[in-house]
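All remarks here apply to the structure that follows.
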Amino acid sequence: MKMLLPWELLILLSLTDCLAERSARHGPVFTQEPSDSVFPLRSEDNKVFINCKAKGNPVPHYKWKVDGGYIDMDLNYNLVEGNLLINHPHATHHGGVYQCIATNVFGTIVSREAKVHFATLADFVMSLAQVSLPLLMPTILCGRCLCSSPAEIKYSWVFNGRPSFLLQDTRRFVSQRTGNLYIAKVEASDVGNYTCVVRNMMTNATAYSSPTPPKIEVQFPESLHVTKGSSVKLECFALGNPVPSITWRRTDGNPLPGKIKINHSNGVLEIPYFRPEDAGVYECVAENSRGKNVAKGQLWVQTLKDVHMAIEANLQWECKASGKPKPVYRWLKNGEPLVLEDRILVEGGRLAVPRINLLDSGMYQCLAENEHGAIYASAELKVVASSPDFSSSPVKKSMLIQRGGEVIMECRPHASPRASISWRRGGEFLKDSTRRTIMGDGTLRISNISESDGGRYTCVARNPFGTSSSTGTLVVKEPTKITVPPLSVDATVGESIVLPCEVSGDSSLDPTFKWFFNVLLINCTLFLFYCHQGSAGDLMVRNIQLKHSGKYVCMVHTVVDSVSAAAHLIVRGPPGAPEGLIVGEITDSTAQLSWESGPDHHSPVTTYSIQARTPFSIGWQAVRTVPDSVPGQMFHATVIDLNPWVDYEFRVVASNNVGVGEPSMQSKQIRTKAAVPEVAPSNVSGGGGRRGELVIQWEPIPEELQSGEEFGYVVAFRPLGTSTWKQTVLASPDASRYTFRNDSVPPLSQFEVKVGVYNNKGEGPSSHVVVVYSAEEEPSEPPSRVWTRTLSASEIEVYWEPITQTASSWKIIGYEVLCWEEGMQESDAEMVRVTDTAALLSGLKGSTVYLISVRAQNSAGAGPSSPAVNVTTKKPPPSQPPGNIEWNLTNSKIFLSWEHVKAMGNESEVTGYKVSVVSVIAGSLKTRKQMTSMALQVPSGEDYLIEIKALSDGGDGSSSGPIRIPKMSSKRELFLSFTIHRMNFWHNRFKVSRVPSTKFCLITMNPTGTMCLLKSVFVFFRS
């Protein structure tokens, strides 16, 4: 590479600086270097690529060396970008040590050396004797046992835990002298876990080689320095039975880079092209069924950093590498060994160049090597020489400062070498004084500013390459002062307060107010706060809560200064929850509690109250205590009036002058001791049942009042007027009824009854004595005068006279009506229960004889049945529907006609017809027998469904089915067209009793045009 003269370098560096903002220009940096490789020689591709790639601006160009000499590109060698392509490689001619050289205008770097070999396979030139190799099993130690004779021991091997022993064959042999397993030719199927088995032939005892946890025998160093861009390999191998599995990970949780290669059964981890982000702690984890072992080490990136330095500055680089044997260092500049001069110092991996000049610019590489290889670290040195330049960092154009304050004017021009700095105001250069100081870095500081300090200030920078200046203006303003600061205040929860903050200052400045609460900025857009802006920045705090206690700071900003004032807000609120609640001594009705006070929230606690909860209570309930009112200075109390044998939880609530606080955490659940029951059953009553029974009822005692285990009831009763009680014990706590049976007990006899309680602690109280009647007897007489009325083919009404009170011992509660067909048994009868003296029987068969009987019923049961009454249902209605139905539509009139229905011999005669009109407004009309036509005038705007049925004494006949009539025009009259001698029509109070010699009956509709009359209108025709 041609060396540049100093003036050429200066011009080049100036051009570089001008273009720096457009693109970051730099020397070459390898992104991919050649590595040791073995290439197969195959006839099908006949090409080999050796990779090399570098980044740089301008783009680097490449050269290659092999065995220390430059390669001339010819038919065998070609460059593809930076990669070297070998055409028709030959093992003898093209094997060797290759090195890539990358160059641009900033310098040259060389890659690491890569050994390239070519793999070939030639025919055997001599025969080899067959040998048997022992399979190395470092995790299994299987030797001879200490026995009297080797003949008494037998060695075997188990493969992969299979139940059968490994079979010996022509490939595998087990020595009965040493126990070793020999495999003549190892195959892929032999991979696995082997276990040695020793058997004593005399005692038939068997021993297996013991499984062992992993033990890492080969591991990488705990600390390893790696050069950027190099390749590093970490080795890890573990002994163990079964064979341990090896996994790798980074301790910082980051995933392993995708470029990492793991091979040799995961025992070797290789990181190519090591980068700073690859540095960190790596772990090798060896694991089997017996345990786990971990080895770790930290990889440090060893890199040289590119530097841009001013001319005559001092350069120092240090390069570190580790290896065995200890590596030696060499330095390269632009790919060539560094020429040592008097001013250049090299000590091991350290390079020092004092007072650098333009000729020192270039690409530097540190080369560390030992007998195992060499690694490289690269960096670029740019020596900058330029006159002072303020284009990127001029003096601030305008500086506003309050009177009495301090200003610092920076002067930081870009210059190489460093420029000397001076300041002037107007045309006068400034010197240090009590208020003005020019600091070492060129900064001008003026303290205790007055109005006379305002004006234009110029910074002048000089170095050997030129002079430059930059000017700014200083403007002095009046300082801002807080005239009405916020004051500390006390407030109660729920109140609202205003913290004032008023200022005075320079009228040309607009102050900005900000409020801080406990150092955090307050968001004035929240509903809780309201911030006023102007000359006063008052803060309103609404609906104050305990969390709003703290320090409030009003900070006022202008473009020249900031001032602040602080105040403390103390919020008084209900006390916090008491703490450390403990339940002490417990009896059957009391519990002793103690606790500690919680925060009082700036208002002393006045009283404590105690609440309890049980599985039977609805939420927390206040309980009685001793003392009745617990003062705020007392932290213990006794709870009284508790129920025995009940699980309780307690909590304590504190109160002060502000209000009631939050409850404490509930105590652990405790159970009071058992005691004799104290509560007797209530609502004892009875009566009813069957003849000879005495039924006694009561409300059971709730579980929380049973006071102990084995709870039950004692039921006592005696005939009224006697002295001896009969008792029975019911051991069920849920019992609420007892029935005493004795056929000798007269009906409605009076008994005195009481019910007591007991548990495993003893017998409790009994209820008050009440009088209970024994069961009554069934009615002894049937109802009299039973008669019937046939309504249709399917319905019959039944009537009877009620039984008088004298005929029964007690109150009649209802009647049972029995109905069965003639020829059937009364036991097959259908039964209807009623409380009145009449019943409607429906769903019957037509033209059928039924037998009907009635019997009375009371609480004891049913009495005797009345004599059966015969009744015959009417003939069924006609089964034939009206046929040949015709209708005509003229405007709003519908003309209907149909054929007369003729009843069959076993059917009821037709007495008329029913015409149903179905729409939003529905109704029905009935005609006499002879009429088989009608005319209807109905409102328009609706679709109608018309249905026709024959009428008879047996009920409605079969329907014609719905006939749909489409929408019609608007009319308000209904016409019925038929020949009649007399018609009665009822609607409310309107009645037409005679219509002389007419064929039409006119019914006027309401003004809205709706057929409301048809909702309930029936038109009857009678002769």
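Cβ atoms here come from the backbone N, Cα and C positions, even for glycine.
As written in TrEMBL, here are the features:
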- 34-117: domain 'Ig-like' (DOMAIN)
- 145-209: domain 'Ig-like' (DOMAIN)
- 214-295: domain 'Ig-like' (DOMAIN)
- 319-382: domain 'Ig-like' (DOMAIN)
- 388-475: domain 'Ig-like' (DOMAIN)
- 479-564: domain 'Ig-like' (DOMAIN)
- 577-675: domain 'Fibronectin type-III' (DOMAIN)
- 680-777: domain 'Fibronectin type-III' (DOMAIN)
- 782-876: domain 'Fibronectin type-III' (DOMAIN)
- 859-884: region 'Disordered' (REGION)
- 1-20: signal peptide (SIGNAL)
Tally of DSSP helical, extended and coil residues in the domain 'Ig-like' (34-117): 4 helix, 47 strand, 33 coil
Would you call the domain 'Ig-like' (34-117) and the domain 'Ig-like' (319-382) in contact, using three or more Cβ pairs under 8 Å, pairs 6 or more apart in sequence? yes
Taking helix as H, G and I and strand as E and B in DSSP, count the residues of the domain 'Fibronectin type-III' (782-876) in helix, strand and coil. 6 helix, 49 strand, 40 coil
Report the DSSP secondary-structure composition of the domain 'Ig-like' (479-564) as helix, strand and coil residue counts. 3 helix, 40 strand, 43 coil
